[in-house]
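Database features (Swiss-Prot):
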MOD_RES   A1  N-acetylalanine
DOMAIN    38-73  domain 'EF-hand 1'
BINDING   D51, D53, S55, F57, E59, E62  Ca(2+) 1 binding site
DOMAIN    77-108  domain 'EF-hand 2'
BINDING   D90, D92, D94, A96, E101  Ca(2+) 2 binding site
Amino acid sequence: AFSGILAEADIAAALKACEAADSFNYKAFFAKVGLSAKSADDIKKAFFVIDQDKSGFIEEDELKLFLQVFSAGARALTDAETKAFLKAGDSDGDGAIGVDEFAVLVKA
């Protein structure tokens, strides 16, 4: 899903680092997976991969399954992780993360 944007080895390393429940940290994940260093264009491409229902927003249910977008065998985020991730990214308080909010979150 991320071919041409992210390296498989980086994805594997980033997922391994947050295998344990409640160990997910979006800043660490985006850095390890190599997304923080990418161009605005690549970050946008990644957003549209994560936006599974193509609504133009990443909603709470999509955040919960965020890691599984990177690898089908990955765990779901815990409720606490999901809520913290949403709170960090949803700067306008509409309950979802838009493409511009996502870009800010990745570079945070």
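Cβ from N, Cα, C; glycine included.
Note that the structure is predicted; figures quoted are calculated from it, not measured.
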Cβ within 8 angstroms of the Cβ centroid of D51, D53, S55, F57, E59, E62: which residues besides those meet this for the Ca(2+) 1 site?
Q52, K54, G56, I58, A96
About how far apart, in whole Å, are the alpha carbons (Cα) of E62 (Ca(2+) 1 binding site) and the residue listed as 'N-acetylalanine'?
15
Could you give me three numbers for the domain 'EF-hand 2' (77-108), the DSSP helix, strand and coil residue counts?
20 helix, 3 strand, 9 coil
Non-local Cβ contacts of D51 (Ca(2+) 1 binding site) (under 8 Å, 6 or more apart, same chain)?
F57, I58, E62
For the recorded positions A1, A96, work out the Cβ neighbour count at 10 Å and name the residue with the minimum.
A1
Same chain only, sequence gap of 6 or more: which residues have a CB within under 8 Å of the CB of E59 (Ca(2+) 1 binding site)?
D53, G95, A96
